[in-house]
Amino acid sequence: MERAEAYGFSGAMSGAFLLSCLLFAAVSRRQRGPYMDEVFHVPQAQAYCHGRFLQWDPMITTLPGLYLLSVGVVKPAAWLLGWTGSVVCSVGMLRFINLLFSAGNFYLLYLLLFKIHQKNKVVSGFQRILLALTLAMFPTLYFFTFLYYTDPGSVFFTLFSYLMCLYGNHKTSAVLGFCGFMFRQTNIVWTVFCAGNVVAEKLNEAWKIELQKKKDERISSRKGSFSDLTRALQFLVEYLLSPKNLVTLTALTWPYIVLVSLFFVFVFINGGIVVGDRSSHEACLHFPQLFYFLSFTGFFSFPHLLTPTKIRKFLLSLRKHPVQYSLITVISLFLIWKFTYVHKYLLADNRHYTFYVWRKVFQRHELVKYLLVPFYIFAGWSFADTLKSKSIFWILMYFVCLLAVTVPQKLLEFRYFILPFLIYRLNIPFVSLYRQLLELAFYILVNAVTFYLFLNRTFQWENSDEVQRFMW
């Protein structure tokens with residue numbers, strides 16, 4: 001990092017942290033007590049603060065990583081600063097942990113951008129800083145910086161694990177992956193993703209050698225066409241059937257294999273992936289979740305995905321491959337018809353944005369969910385098109401992880417899309433400075449509206465005296 005870039009990054013990070021502190025103060029003044037899921041998380045952390053480590057709220061569905069880390073930070077800080085009484089492990093103090101995670105996420109996003117795009121000499125330090133700032137302010141993640149939720153910590157350890165993986169520190173990456181798993185069990189998928197990075201790199205090297213042997217320049221591991229995909233899948237099967245290759249891959253990825261094995265032991269002993277209340281978190285094949293994720297990504301990445309050039313390229317692709325797109329359309333319609341689930345929380349809780357998305361869009365008419373298929377297909381094509389710079393094996397690995405982390409979820413919840421979105425956004429090529437600034441301005445606008453609604457547009461339920469607030 002050059003000196004000017006270092007100064008610029010320090011200034012951006014300091015300014016973002018100051019802004020976050022001001023917002024933190026505003027949120028803490030307006031909402032002093034626990035809100036939404038905090039009514040479970042805060043008392044559990046406070047029980048740990050008082051040494052009651054055997055106490056557990058059965059309504060909590062995640063492992064105790066957030067509470068253990070909070071005690072590990074707050075208790076030493078209280079001892080050093082002489083804090084006593086109710087300030088120790090208070091709601092505000094526990095929420096402040098996520099403010100620290102937010103700053104850490106900003107730094108990790110910058111380091112990941114630097115590492116992933118280090119071969120792109122055209123990208124300036126200012127663009128890296130700007131994109132790191134933009135992603136750190138990603139609305140769905142940034143909002144939960146100010147509440148005591150697992151999301152900022154879950155993202156922190158997952159990004160840290162990914163960074164260590166890219167630098168080849170796989171043991172450290174696996175340990176950090178375990179920390180991420182302790183915040184949210186589904187983060188085990190991103191441990192598999194880290195292992196998949198290693199496998200995809202070896203596969204791509206072998207694939208290039210194979211192409212060179214055949215001297216067939218028409219085949220490329222980066223084109224991403226249907227024929228290339230077929231050849232790559234055939235090569236993948238042949239490669240993995242070789243015992244020598246399997247031994248090599250196992251030697252490279254054994255830390256991740258150990259962690260995934262421990263995960264399966266946990267699932268066997270626990271009787272499932274969810275701890276606590278399982279009745280509202282049942283796994284199912286909810287394939288439309290992939291379509292919702294693509295729509296979510298298209299909304300928050302519209303400067304990159306929804307451009308006149310993209311639309312023209314899509315229409316050209318549509319004209320060239322009508323049979324393939326017709327088949328995709330039929331499959332999509334079938335998946336929506338047979339595998340659409342509506343969780344009871346989605347219909348009952350009018351504090352979440354998803355409630356209004358479902359009511360205002362999907363519940364307008366029974367046919368709406370089918371009429372959206374052309375948009376889903378365009379969003380999917382545009383999404384895949386922006387990943388063309390990655391090897392076909394990396395893309396396959398990412399899509400497998402994306403399916404694994406979204407499809408089993410019955411509840412439509414935007415928080416579940418945070419990590420797959422960030423991983424995607426980190427790996428697509430940089431765009432023009434204008435589009436980057438447009439993306440940042442859009443995120444700032446969405447955040448401003450979100451915090452305005454949360455702080456000022458309160459309401460009450462008929463059967464409750466508590467103040468209710470809109471949120472993600």
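One is the number of the first residue shown, and numbering goes on along the chain from there.
Each Cβ is built from the backbone N, Cα and C atoms, and glycine gets one as well.
Unlike curated entries, TrEMBL annotations are predicted automatically.
Of the given residue ranges 39-60, 325-346, TrEMBL assigns the label transmembrane segment to 325-346. For the ranges 230-248, 287-305, 306-324, the feature annotated in TrEMBL as transmembrane segment maps to 287-305. Sequence-distant neighbours of the transmembrane segment (325-346) (same chain, 6+ residues past either end, Cβ-Cβ under 8 Å): 280, 284-288, 291, 317-318, 352, 354-355, 358, 369-370, 373-374, 376-377, 410-412. Here the transmembrane segment (6-27) does not lie next to the transmembrane segment (254-275) in space: the count of CB pairs under 8 Å, restricted to residues six or more apart, is fewer than 3. Scored by C-beta pairs under 8 angstroms, the transmembrane segment (287-305) has its highest count with 390-407, from the stretches 65-84, 96-117, 254-275, 390-407. Beyond the ends of the transmembrane segment (65-84), by six or more residues, the same chain brings 41, 44-45, 48-49, 93-94, 97, 100, 148, 150, 153, 179, 181-183 to within a C-beta distance below 8 angstroms of the stretch. When Cβ distances are compared across the two stretches, the transmembrane segment (129-149) makes contact with the transmembrane segment (440-459), since 3 or more pairs at least 6 residues apart fall below 8 angstroms. Residues 224, 288, 291, 294-295, 297-298, 305-306, 310-311, 314, 317, 325, 328-329, 332-333, 336-337, 340, 361, 395, 424 of the same chain lie 6 or more positions beyond the ends of the transmembrane segment (367-384) yet place their CB under 8 Å from a CB of it.
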